[in-house]
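If you look up TrEMBL, you'll see ASP162 marked as active site, proton donor/acceptor. Per TrEMBL, Mg(2+) binding site is recorded for ASN21, GLU398. Per TrEMBL, the feature ATP binding site maps to LYS28, HIS222, LEU223, GLY224, ASN225, GLY226, ASP296, MET297, ARG298, GLY344, VAL345, GLY346, GLU347, ASN348. Per TrEMBL, substrate binding site is recorded for ARG105. Taken from TrEMBL, the feature site 'Transition state stabilizer' covers HIS194, ARG255.
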Amino acid sequence: MTTPTKEGSAAVQARRVLVLNSGSSSVKYQLLDMENRSRLAIGLVERIGEETSRLLHTPLTGGAATRERMGRIADHEAALKAAAEELAADGLGLDSPELASIGHRVVHGGLRFTEPTVITEEVLAEIERLVPVAPLHNPANIIGIRTAQVLRPDLPQVAVFDTAFHTTMPEYAARYAIDVETADAHRIRRYGFHGTSHAYVSRKAAELLGRTPEEVNVIVLHLGNGASASAVAGGRCVETSMGLTPLEGLVMGTRSGDIDPAVTFHLTRVAGMSVDEIDVLLNKRSGLVGLCGDNDMREIRRRIDEGDERAALAFDIYVHRLKKYIGAYSAVLGRVDAVVFTAGVGENSAPVREAAIAGLEEFGLAVDAGLNAVRSGEPRLISPDYARVAVAVVPTDEELEIAGQTFALVERLGRTAQPGQAEPLGRVDN
Ligand code: AMP
């Protein structure tokens, strides 16, 4: 893409994309060069608004070391300005004509946003309208977008939605079996999350198998602190484990995953707990941390090695849930070409992979102990040659996926698009 310089004379190639992932008290950022899909710098601002804010910035060109800034960073605007200063110090200033766009991770796009979308006031209003179904995430994403708009009002900014990849789920998978009028009035349905990761990893898995995404059916297990499974048929998501919110499904670091909804009525009536208390219980004090006090799989494995029974039970519950989903999604897909592990636990924990696949020979699944033990940052197969279904580890890269989708969209739009004038290219479904 070509863009005029500030002087309006010689043209330069605008091939950089800044990816922003704004949380309630943190901002993660990466600057990528889409010419060769390489990272130029990465950074994180955490504990925004506290006295102990911290910025960590790592330039990835020129061999400079990570820099740290400690001390209060008042708000997201200050955080982004501090990040911009760090980038400028590396000669990667955000005022550069080489910056093509800013891509924002937006957690909830509802049913409307099925594709990456150029952010207009109308798009922002719709993201705002979805706050009741994503109260923790969407407000932080909106603040990140507003701040970035102040920084570079001339640039097209793009929202890439965590829910988008799952909008292809058939109605019978997405709907809860509750009263239809109530569900529709409050937009209650299964949306799914981690969509950029499921999209990226399922595509990479097809590549690893030497096939096109259209040719393969895969089960993706995104096992990070948050965890979700998806069934992807011919490149399209047909089922996923997270629902209206990221609470449903697998056992996670601090979230319960699937649970009988009557537990909430029971806790209200019997334990006198408020809705907010139950919300905190299920989202923050459950999952691995609720079961054994630790949510880091490394620590849990260490405790198991020392004979800790609570840690062992937590591990077994975690793995049992995974197995149930592998079985269920095998049935949903009919034919499975690969089961793919990704994210912090999936990429690094050989014991979790081994235990999740153990006993599934009848499903055509097996893990080769030697291959499973290899540590690598590359996509790789860990199943033996004889296995009918491949088992793979594919490192996820949500930032690269967001940058790629953002860049592809602004390239299609061309530089004529200005914020506020551009039409969202996303298919509008409601
Ligand atoms: P994520 O949310 O994808 O960053 O994953 C974070 C989680 O990955 C941590 O809470 C750990 O449970 C897990 N994890 C990270 N590194 C390892 C490792 N080397 N071995 C086992 N688990 C790991």
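Each Cβ is built from the backbone N, Cα and C atoms, and glycine gets one as well.
The recorded positions in question are ASP162, ASP296, GLU347, GLU398, and the one with the fewest Cβ neighbours inside 10 Å is ASP296. Cα spacing between GLU347 (ATP binding site) and HIS194 (site 'Transition state stabilizer'): 16 Å, rounded to the nearest whole number. The two recorded residues, the residue listed as 'substrate binding site' and ASN21 (Mg(2+) binding site), show a Cα separation of 5 Å. Each residue contributes its Cα atom, and for GLU398 (Mg(2+) binding site) and HIS194 (site 'Transition state stabilizer') these two points are 9 Å apart. When the recorded positions LYS28, ARG255, ARG298 are screened for a Cα within 10 A of the Cα of ASN21 (Mg(2+) binding site), the ones that qualify are LYS28. Residue pair HIS194 (site 'Transition state stabilizer') / LYS28 (ATP binding site) shows a Cα separation of 16 Å. Among the recorded positions HIS194, ASN225, ASP296, ARG298, VAL345, the ones whose Cβ sits under 6 Å from an atom of ligand 1 are, in sequence order, ASN225, ASP296, ARG298, VAL345. The sparsest Cβ neighbourhood within 10 Å, among the listed recorded positions (LYS28, ARG105, HIS194, ARG255, ARG298), is found at ARG298.
Neighbours of LEU223 (ATP binding site), defined as other CB atoms within 10 A of its CB across all chains, total 28. The C-beta environment of ASN225 (ATP binding site), restricted to residues of the same chain at least 6 apart in sequence and closer than 8 Å, consists of MET252, GLY253, THR254, ASN295, GLY344. VAL345 (ATP binding site) sits 15 Å from ARG255 (site 'Transition state stabilizer'), taking the CA atoms of both as reference points. Counting other Cβ atoms within 10 Å of each Cβ, the binding-site residues ASN21, VAL345 show the lowest value at ASN21. Residues LYS28, HIS222, LEU223, GLY224, ASN225, GLY226, ASP296, MET297, ARG298, GLY344, VAL345, GLY346, GLU347, ASN348 are the ones the record ties to ATP, and the longest Cα gap between any two of them is 24 Å. In the three-state DSSP reading, ASP162 (active site, proton donor/acceptor) counts as coil.
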